[in-house]
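Database features (TrEMBL):
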type     : residues : note
DOMAIN   : 513-636  : domain 'STAS'
TRANSMEM : 90-109   : transmembrane segment
TRANSMEM : 115-136  : transmembrane segment
TRANSMEM : 143-162  : transmembrane segment
TRANSMEM : 168-190  : transmembrane segment
TRANSMEM : 202-228  : transmembrane segment
TRANSMEM : 248-266  : transmembrane segment
TRANSMEM : 278-298  : transmembrane segment
TRANSMEM : 332-352  : transmembrane segment
TRANSMEM : 364-381  : transmembrane segment
TRANSMEM : 401-421  : transmembrane segment
TRANSMEM : 428-452  : transmembrane segment
TRANSMEM : 458-488  : transmembrane segment
Amino acid sequence: MDRSSFASASSGELAAAAAVSGLGRPVRVIPLRHPTDTAARGPASSSAAAPSSLLSAAMERARGMGPWEWAEAALPCLAWMRRYRWKDDLQADLTAGITVGVMLVPQAMSYAKLAGLHPIYGLYTGFVPLIVYAIFGSSRQLAVGPVALVSLLVSNVLGGIVNSSSDLYTELAILLAFMVGILECLMGLLRLGWLIRFISHSVISGFTTASAIVIGLSQIKYFLGYSVTRSSKIIPLIESIIAGIDQFSWPPFLMGSVFLAILLIMKKLGKTNKKLRFLRASGPLTAVVLGTLFVKVFRPSAISVVGEIPQGLPKFSIPRGFEHLMSLMPTAVLITGVAILESVGIAKALAAKNGYELDSNKELFGLGIANICGSFFSSYPATGSFSRSAVNHESGAKTGLSGIIMGIIICGALLFMTPLFTDIPQCALAAIVISAVTGLVDYDEAIFLWGIDKKDFFLWAMTFITTLVFGIEIGVLVGVGFSLAFVIHESANPHIAVLGRLPGTTVYRNTLQYPEAYTYNGIVVVRIDSPIYFANISYIKDRLREYELKLPVSNRGPDVGRVYFVILEMSPVTYIDSSAVQALKDLNQEYKARDIQIAIANPNRQVHLLLSTAGIIDMIGAGWCFVRVHDAVQVCLQHVQSSSSNSIKLSPQASGNLTDSPKAQQRHGFLKNLWKAQDGNGSTDEAQSLLRQNLV
């Protein structure tokens, strides 16, 4: 039997034979079926033949959709409209919509002030986007509108381009909403929502904590009674606060502190006591009403008020200022990222709690349409609010009708209530913003990360510090950069485990995790816990060489003094590329020159097919591919035992170079003897004996 015929021996031939292992028990080798063997695949062939590309899969789904499914895909609101239970759902949606709508009116004006805009634009942002999202959005509990973090981003970028008192400032804020909407729609249509997965929770937590502190300090000017530099960096803010301390005014500080205390107490009571849940939503309205009454009664000159607010609904207009498009693009991308992080994350969590599934790409498209339509009615960028969505859920919202009701309340406020907003104290709106962002300060997360994962704590700390010191944009870039660096590092340095056999079983596990697992002399079983591709193949080859040079301590089998077999457990390997294929070829040649045989155990269909197509299977030998690690070990162990019974042990000093002398080759060349027998140069009896051992 020549070498080529032996190398092409099928796994079915291996399975047909039974022999006695080193422990004296019969072992049956399970055949590894070739991935192109359609006859052997049987029923699984239909699933393997299914379209693998995303485009083909999407076309298959589209062909299977009926008219109503197409309508629901275009207008997600139809999904809840046709199943709406008027008796059960209407009361809950009315209660939730009114509760959050009342909460939104003062919050919207507060966030507009934070963004450097007139309070009326906060109400506009809480009107059209809310209603449009209720139609095109897929979440039934998400409350869309102005939020603190996006408002700070708008203020930060536009403040560096134009003065906040000019009309261009407002035009650019509206243009930002249009740009954000376009980006969100594109990401939804191209199904790019997965990109946000590369930003870790540690980065998000550190970023939002730092942003909350900056937002709070930016609003402190309404408490102090004097102007503070507008900045997203903590150092200029603190310097400006200290520099103007001589202008400090007691009345707004006392009023603002009282309102803030009331808001925090009401929020705390609403969270801890279900019966007092309404207090959490009514806190902002309470602060506004009390502040307005105080100003109307006492007319304090030291308390600054909102001033006149235009009455009526926003008029249709096309966004302007497109000459500033490129300078606004980085901020539009950043706001889009924040929208994905905040909105989609909240929407998915609420969908899980309420028992329905949510497609993040549809959600992005719904948010995009809401922002585009809002920009035609004088809105600045809107996204899902964590606090209002939580209140909406807790108030029992069942469908998007609650969002429409919120929009109707804002509409009523714009039509009939704006004259009442004239005397709202600025410090009351500032207190609303500060109380809202206190929930974003997440020091508990930092303490938790310090206790379980120092790497994630480092990410949190770096993002937190850079956001505070260098601003929001730099903080996000640094956080995302470190997140990607950790992802790349983990991918390029995958976990590789040496496996041992658990006593009394045929199960092989990591010897570091299970010290009682035993290994065999001359055989190293290695599991690679990642795809194999160009970025990590060098690391994998280095580790394999390390296992060869630093022989693992083995406690079973004859002491042969060196490694003869390297078994690669490939079940965790989901993918292998051309660079890795070439590296495996080179590694096989290196091993063959040192009388080491590679064996492969349990590759998946895709990996097995690629290895076969690339010629790796032929190089290694089809007989050295196995379904189970245990099969591979038993076959290799038979060879080690056969070799050791006819050879002199090699001293540890001589194990470093197996080809130093003909004598060393003669002692430990049983693989060469096997190949020699296969080539016809050895005796027939010897070849038959070695072949039978391979069929164990």
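Note that Cβ sites are derived from N, Cα and C of the backbone, with glycine treated the same way.
Automatic, uncurated: that is what TrEMBL annotation is.
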Beyond the flanks of the transmembrane segment (115-136) by at least 6 residues, Cβ under 8 Å: 75-77, 104-105, 107-109, 142-146, 150-152, 154-155, 158-159, 164, 169-170, 173, 177, 230, 306, 309-310, 313-314, 365-367, 369-371, 373-374, 376-382, 400-401, 403-404, 406-407, 410-411, 413-414, 418, 421, 429
Taking residues 6+ outside the transmembrane segment (248-266), which of them lie with a CB under 8 Å of any CB in it? 222-226, 279-280, 282-284, 286-287, 290-291, 294, 300, 302-304, 425-428, 430-432, 434-435, 438
I'd like the per-state residue tally for the domain 'STAS' (513-636) from DSSP, helix first, then strand, then coil. 54 helix, 23 strand, 47 coil
State the non-local partners of the transmembrane segment (332-352) in its own chain: residues 6+ outside its ends, Cβ under 8 Å from one of its Cβ atoms. 138-142, 144, 147, 149-150, 153-154, 176, 179-180, 183-184, 187, 193, 196, 199, 204, 358, 360, 363-364, 367, 381, 383-386, 389, 393, 472-473, 476
Can you work out which residues elsewhere in the same chain, 6+ from the ends of the transmembrane segment (364-381), have a Cβ less than 8 Å from its Cβ atoms? 76, 112, 115, 117, 121, 124-125, 127-130, 132-133, 136-139, 144, 146, 150-151, 154, 170, 173-178, 180-189, 193, 314-319, 335, 339-340, 343-344
Quick one: find which recorded stretch in 168-190, 278-298, 428-452 has the most Cβ pairs under 8 Å with the transmembrane segment (458-488). 428-452
Relative to the transmembrane segment (202-228), the stretch among 168-190, 278-298, 401-421, 428-452 with the most Cβ pairs under 8 Å is 428-452
